Structure formats: structure tokens, C-alpha cells
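Have a look at the structure below, then the notes.
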Amino acid sequence: MASRGRPRPGSLQDLAAAAIAILLLSAASGAAAGSPDRPAPGPPLFLPLTRSYPNASRLAASSRRGLGDGAHPNARMRLHDDLLTNGYYTTRLYIGTPPQEFALIVDSGSTVTYVPCASCEQCGNHQDPRFQPDLSSSYSPVKCNVDCTCDSDKKQCTYERQYAEMSSSSGVLGEDIVSFGRESELKPQRAVFGCENSETGDLFSQHADGIMGLGRGQLSIMDQLVEKGVISDSFSLCYGGMDIGGGAMVLGGVPAPSDMVFSHSDPLRSPYYNIELKEIHVAGKALRVDSRVFNSKHGTVLDSGTTYAYLPEQAFVAFKDAVTSKVHSLKKIRGPDPNYKDICFAGAGRNVSKLHEVFPDVDMVFGNGQKLSLTPENYLFRHSKVDGAYCLGVFQNGKDPTTLLGGIIVRNTLVTYDRHNEKIGFWKTNCSELWERLHISDAPSPAPSSDTNSETDMSPAPAPSSLPEFDVGLITVDMSINVTYPNLKPHLHELAELIAKELEIDSSQVRVMNITSQGNSTLIRWGIFPAESDNAMSNATAMGIIYRLTQHHVQLPENLGSYQLLEWNVQPLPRRSWFQEHVVSILLGILLVVLVTLSALLVVLVWRKKFSGQTAYRPVDSVAPEQELQPL
């Protein structure tokens, strides 16, 4: 289920009941599972994370490969965005011929992958241009049949989804070639997806384009690829830690580390990915709650589309009290948002690696006795207004008895959804070093391209992890724009103002440094300068600008086309000569000398004038001119 942002009332059951059409598109999804003539499974697919009940006979199909088939190469991509800043992670998916790029929320609780359609009358302004079926030579609509809900003309299958936070998506179903990005070793595959004609709530206002559904169901991208036999029946997610965006996603099997912790996941228990949670320990002591509290309703559910964790009332109160009792040295403060009664503590310091010295460790014990240990970053989030303060990222799930575990619980944790063996594995790791720790080669494969003769490497620029400690004098940004205008130059001012607005800086700070036409694209080098009132940008300001650029926060209107960030560079404030560094002091010194000189001259002039009018001294016996007496 695609729940993003702050905690909200609602239940998983509401989500299931709100799915208007459960579509069984056997004709579009390929051969049935267990078919003897189905081709052998192919390579697993790794992707980044940037957000129906199963058929028992399909789940038991012996022809499916299990987890960790090392005979096939793996492919992977960056995960974009940040869990707590954006409320979700996105991955890049390319649909059509030539490929049209989309940023989709990775959501293990959704069963449909959908993007805004060009014909959509009620869709928000998202990160990328809408999907245009007419521009794809490989697109075909899913024709109306007895296994789907049809549109009013009885020509095309439709879908409709509603989510617990009261957002919704509806549209028509189409089939096209889906490509998985630059580092994917899985060849592009035909797949069914939704083309949105309407969206409401968070889906309308979010920055991401749509949803990539990884849940159980025949419209799920996972089920479609497994049915084709091109990947094994498992996928994995790995989230970055606190203050670190990104991560990775794997479609297909990866070698299971020897110390990975597993829990049984019963596909018949609920339509969602569940685990058998029996106990929660805080600082080594079990919460005093009945273990059955974690098995109510849908049980304990993992959902990558949810940000935080939500416990039944009894378990939440016990967890809150247990954590609070261990942090006597901290001051309890109000949360950053007055609309929520967050439980926050000040005085813990900024160093995340030392939080375990102040906050207690938490353990989740599964039905098989295995234990997943959580560090404070797995149940806390930073207070956005008080430095060194943190808030509980675990909330009460309203009156719903379901236990819902969102992305915060598995930060810096590789989570493997081994659907074939009906279990879910957890492995604590640094997700930014995942491939090295799994000993997986990182040689990339070609990205999908609309021009097979193109020799230009247009790989996107990565986001910065940190910058050198100096004041920034200039940020240069190389951008490739696929323009809809034959001549972009008259629109550069408009484009500069748009970029400045999206980066939250003044338009005078964004200037064109170079522009070159290259085929259907225009290469522009932008210069981003400090504000007029400042000589330089701080490290934090520069990081914020670069992060928004690399995470595609800049949205171009459809009339300007689409863009790709190729490279960014940060230049320090130019080193000045001795004279330049001391020019102000020199000028002040000269001005002081001039003022002193003028003052001295003024004193001399006044003194001369004062004494020049007085009578000169004469001796007593000197002759003086006679003076006539004036009459009285």
C-alpha cells in the first residue's frame, strides 16, 4: 500500500476492499505457472529503490527457481529520494519504444504499476512528462474481455485503486516494452501497466510520477516477470540509513548471507507480505503484551510504501513506555509538527553512530526463535526544528489491530522477499556498500536508448554524499534537454527562472554559461552563483542545491520537454591576492590619511584667518596718524 509521509488512520483491509477491480489477465501475462514448456528462468534484476490473494497452485509450481541462483548475473540501479524527506523511495522505469522515463514509488503493498497518461484530465504536475501511447511503436491497449472491468465503450480494460490515506488512481490498462535501466542485465520485457486518467490525494500532489507495484497479484510487475520465467520468484529491498538517501532493489534472487535472519511468510494469511512476529524486546526485556497481539487481523505486515511503523494500541503503549523509561538523561519536548503529538527527546547529539549510547536497542523475535536487532535509527527520526533531538518513528495504528512495519524499521537492512520459499530474510548492512559486501561485480550494461546509433554517454550524475569543506563560489551544472522547440534560446530566461524557483533560490543566481545543440538534444551548462548579498555559498546550501538537482526536483513543463542531469561541479571561492584580501583595509587607511590631512589644513586656515585681522605692535614713541574727533 502506498502510504507516504506522516502517520494516518486507515487499515490494510480498507485498501483491499477499495480495489474496485481484481483483474485476471491470463492472456496478457504469458503462460501459466508450472507450464512444462515455459522457458528456464533468466537473470535476476537489480533496481534501486528511489515506493489479491495468490493462486496456491502457482505458488507451488516446482519450475520456479528459489533464492540465490548464482548461475545468472545480477543487475542493479540506484535507489532515489529519501524515506523521511520524501516519504518514499523511487526507481527509474522506462516504458515504450523509444523509452519514456518515469520515477516510480517502489511499493510492496500495491499490485499495479501505473504512470500518468497523456490524456489524463485530473493528474498532478509530476517529475517527468506523461506517458504518450501514440509515441510508442510497441504500445497496445489491453482489450476488453471477460476477466477484466471494461471502460464505458467496452473496448479497453480498466483498473482502479484506492489507498488508506484516501488517495486514488484509475485509468486504462496497456501493454508495452518495459526497460529497467542502465545497470539492468535483464532484457526489456513486455508487461501490462496502468495509464492513469485520474488521481486524487497524495498521488495527485506527490513529486514522483506513479507507483511500481510489487505486491501479490497478476498485474504485479513481479508476477508478470516470474510468469515469463525471466527471473526467480523473489525480490530484495535495501534502504539507506538516517540522513542517507538511496539504496537498492533486486528483482530476482541474490545469494543469501550466512547470517541473514528469516521469518516465515504465509501467502494465504493475507494478500500482503507478512512475518510471524512474536515478541518485541526493549533493552533486553520483552514487552508485557500477549504475543497474539501481533497476529490480529492481517498480522504483521511489511510495506515499503509506508514510511513509519504502526503498532496495535496495547503494543504501542508498552513500547513507548519502555523506551521512555530508558532515556532519563534526555529532555522530553514537543514534536516539529503541532498537528501531531510526537514523542520527542532533546540532548542526544547529532552523531547517529552514538545514539545507541543514549537510546536502547530493540529486538524483534520471530516465531522460529530468530531475532532481528534494531538500532535507534530503525525507530527514530530527526526533529526538524531542534538540533540533536529525535522523535519516535513508531505510532499507534488507530484502532486497527494490524501491525504495519514501514521503511524506517529496515533502514540499513537488506530485506529479501523469498516468495518461492515463503519466507522473508533480514540482514543488517550498510546499503551504500551492498554490492561490495555481497561480492557482486558492478560493471554496468547499456541503458535503454531511443537512438541505437548514439555514441554519447548520457548517464545521469549521482547525488553527492559530501562536499569538501570550503565556501562554494560556483556550481556548474551540465544538462541535456530534449526540447519541443526548434530553437531553445528565446526560452532560456523562462527556463532559468523555473530552475531557480524549483531550487528555491533567486533567479539572478542562475545564469547560462554555454549552450550547444546536439541532434535532438540541447546541452546547457548552467552556473549557479551565490546570492548577491553573499560572497559565497555555505557547504550545506550547495549540498541542498545539488541534492535537489540530482533527485530531479526540477520539473519542466511539457512545452519545454524533458531533461537529464549529466554532470555537476563545485568550485571554491577563487583565491585572492594579498592586495585583494586587504583592499578594504588599504582603502580605509587612505581615507583616514586624507581625512587627517584635510583636518590639519582646515585648522591652519582657521588659525591664519583669526590672527590676520589683529593690529600690529608699535613702539610707544612711534608717530601715529592724527585722528579727527567726532562731534558729540
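Yeah, the Cβs are placed from backbone N, Cα and C, and that goes for glycine too.
Residues or ranges marked as active site in TrEMBL: Asp107 (among others).
The Cβ neighbour count for Asp303 (active site), using a 10 Å radius and every protein chain shown, is 25. According to TrEMBL, the feature active site maps to Asp303 (among others).
As annotated by TrEMBL, compositional bias 'Low complexity' applies to 442-451.
Mean pLDDT for the domain 'Peptidase A1' (89-427) in this predicted model: 92. Taken from TrEMBL, the feature domain 'Peptidase A1' applies to 89-427.
Sequence annotations record features per position, and here TrEMBL assigns region 'Disordered' to 442-464.
Annotation source TrEMBL lists signal peptide at 1-33.
Annotation comment: TrEMBL describes 583-607 as transmembrane segment.
Asp107 (active site) has a Cβ environment of 27 other Cβ atoms inside 10 Å. Distance noted between the C-alpha atoms of Asp303 (active site) and Asp107 (active site) is 7 Å.
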